[in-house]
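> A single structure is presented below for examination.
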């Protein structure tokens with residue numbers, strides 16, 4: 001049975017391999033997210049480090065390309081959050097940077113998930129990039145995130161409360177189960193051949 | 001609605017490839033379901049596979065059912081949100097299978113002719129206990145079913161560009177068809193193949209991860225960029241750990257998906273099958289969780305954390321990975337949806353329709369009603385899922401406090417003579433209310449924990465104040481709920497008496513000899 005399953009998967013993969021991928025290698029993605037973005041379409045150095053917004057855009061175009069976060073103030077007691085912003089038609093992808101300079105997201109969706117933040121205040125900016133990796137718009141106002149994690153005392157109380165419930169449950173089940181071998185031994189055998197294989 | 005066939009830059013598989021895979025596997029499941037289900041002539045065959053499922057199939061169905069699309073989506077999400085603790089927290093759901101292992105043996109012994117979890121609660125606690133339990137069971141089953149249908153549409157869409165409505169309709173339609181043809185025989189048979197495909201897929205992904213990802217890089221990236229994900233004292237993660245474990249306990253202990261399998265397995269098989277199933281399942285969320293943790297080191301931007309797992313797997317494995325992810329996802333969806341359809345239809349027939357009819361229905365009538373129920377459940381979940389208006393995690397975790405509040409009434413009901421209807425009812429109601437309040441006001445990841453704690457305290461106090469002296473032997477006897485009217489009781493006497501005579505584990509006086517705690 002295992003061999004049949006493996007063979008089937010291999011045959012399927014062979015049948016569809018080469019047909020399946022999008023031809024644009026730099027755009028290999030699922031979930032509408034671009035993969036390998038940093039390797040295949042790197043930004044010019046200047047655009048990676050506080051890049052100036054492209055001067056080729058005319059004022060009318062710039063005004064139509066204003067970029068802003070949907071929400072600019074967050075409080076995150078779990079250290080994670082999702083930043084969202086307005087989508088620009090002319091943008092190929094977006095880059096979100098922390099105030100430390102760390103790029104926390106690059107991809108085509110106007111949405112970035114950020115996690116693992118310790119206590120502190122963080123600012124994020126988003127850049128809209130064209131197909132050449134040039135910045136065509138930048139968020140006018142940064143998103144400010146204040147992270148104050150849940151009190152450790154409360155977390156530990158819930159942790160140990162859960163541990164006590166778990167241990168009590170296991171104790172009850174084990175105590176009940178320990179009585180069963182005697183009961184099982186007294187049962188008549190009802191074993192029959194397995195019929196559903 | 002349009003049916004795109006050309007590749008789009010946003011998807012890794014072409015829609016045409018996705019449609020072909022869907023067609024191949026859809027036809028295969030329906031054909032296998034029909035073939036496996038050819039023995040499902042009687043209602044016992046259709047509902048509980050003739051009560052003769054062996055260890056291999058029993059283990060496979062436990063693993064396949066517990067590996068849902070949520071496992072491949074939410075385990076990486078947990079890891080991305082809560083770090084290493086999050087991954088561990090998700091894997092603790094396997095403890096539910098370990099804990100249920102001995103319980104499944106006792107369930108099979110106490111109710112050798114049983115069909116559902118609600119039936120146990122009705123006969124153990126009467127109407128007072130069964131009403132809140134039935135509401136919770138239905139809410140959970142429908143929530144899980146709808147979230148699976150939604151996950152199917154969403155995943156197939158992001159993997160291959162197949163429109164959400166089309167993918168969701170095909171997934172639900174295929175599962176309804178083969179469950180309809182073969183009932184529990186078809187469900188368990190297809191689960192066997194699905195579990196093999198899922199486990200092979202996950203092993204391939206795990207090997208690819210080890211070959212392509214430098215653990216030191218992952219650790220260094222997390223340490224410098226996302227330090228809380230490695231923190232031992234991450235408060236939210238500490239709160240979530242036992243919450244998730246108790247959520248898993250609540251899901252398994254109360255859900256008819258697991259009870260129906262306990263009834264379906266041959267005597268003595270349940271404890272081994274559930275324990276083995278737990279062992280096989282345990283590493284799955286660890287592997288899936290690591291995919292989430294590896295995303296930052298691989299430079300993969302994450303928009304929606306529940307898609308991180310498939311995204312990273314496809315990145316590491318290329319075309320083959322995308323195909324594998326697609327197939328694994330389809331299998332994990334089907335193995336959960338079919339189980340829910342079968343188990344919930346049992347619940348509708350045995351705990352809603354038959355009690356309402358106030359007479360014991362014939363075998364043929366129950367078989368027919370089961371099929372109607374499966375179709376109705378399929379149509380309902382399809383219609384609700386069509387709107388795609390809720391996130392997977394929200395839908396899933398909203399049920400946590402409610403199922404957490406069922407843990408003690410179930411365990412106490414199985415092992416304590418003193419466990420009384422008042423204690424069970426109050427525990428479920430107060431536990432659910434307190435858990436939902438905590439879920440909303442404190443943090444979603446404490447809902448099940450608070451629900452289980454309040455429920456446990458309530459259950460213990462009321463069991464002391466209003467003790468019962470329940471005779472467990474009555475569970476194997478006539479199909480008569482506590483306080484039921486004599487008309488219903490007498491209608492079920494003939495077959496129930498037969499069942500009582502064949503009851504293993506009962507002595508001459510009709511008292512179950514052990515496994516009870518006074």
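Including glycine, each Cβ sits where the backbone N, Cα and C put it.
Since we're looking at a predicted model, the values are computed, not measured.
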> Check each of the ranges B:422-439, B:476-493 against TrEMBL and return the one annotated as transmembrane segment.
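Going through B:422-439, B:476-493 one by one, TrEMBL flags B:422-439 as transmembrane segment.
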> Write down the single range among B:128-146, B:147-165 that appears in TrEMBL as transmembrane segment.
B:128-146
> The transmembrane segment (B:322-349) vs the transmembrane segment (B:445-465): three or more C-beta pairs under 8 Å (separation of 6 or more)?
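No, the transmembrane segment (B:322-349) and the transmembrane segment (B:445-465) are not in contact.
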> Can you work out which residues elsewhere in the same chain, 6+ from the ends of the transmembrane segment (B:18-36), have a Cβ less than 8 Å from its Cβ atoms?
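Here the qualifying positions are 5, 156, 159-162, 167, 170, 173-175, 177-179, 181-182, 185-190, 193, 323, 326-327, 330-331, 334, 338.
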> Is it the case that the transmembrane segment (B:233-253) and the transmembrane segment (B:79-101) touch, counting contact as three or more CB pairs under 8 Å in which the residues of each pair are 6 or more positions apart?
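The transmembrane segment (B:79-101) and the transmembrane segment (B:233-253): touching, yes.
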> Six or more residues out from either end of the transmembrane segment (B:369-386), which same-chain residues have a Cβ under 8 Å from its Cβ atoms?
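That would be 43, 46-47, 142, 145-146, 148-150, 153, 165, 168-169, 172-173, 175-176, 179-180, 183, 340-342, 344-346, 348-349, 353, 361.
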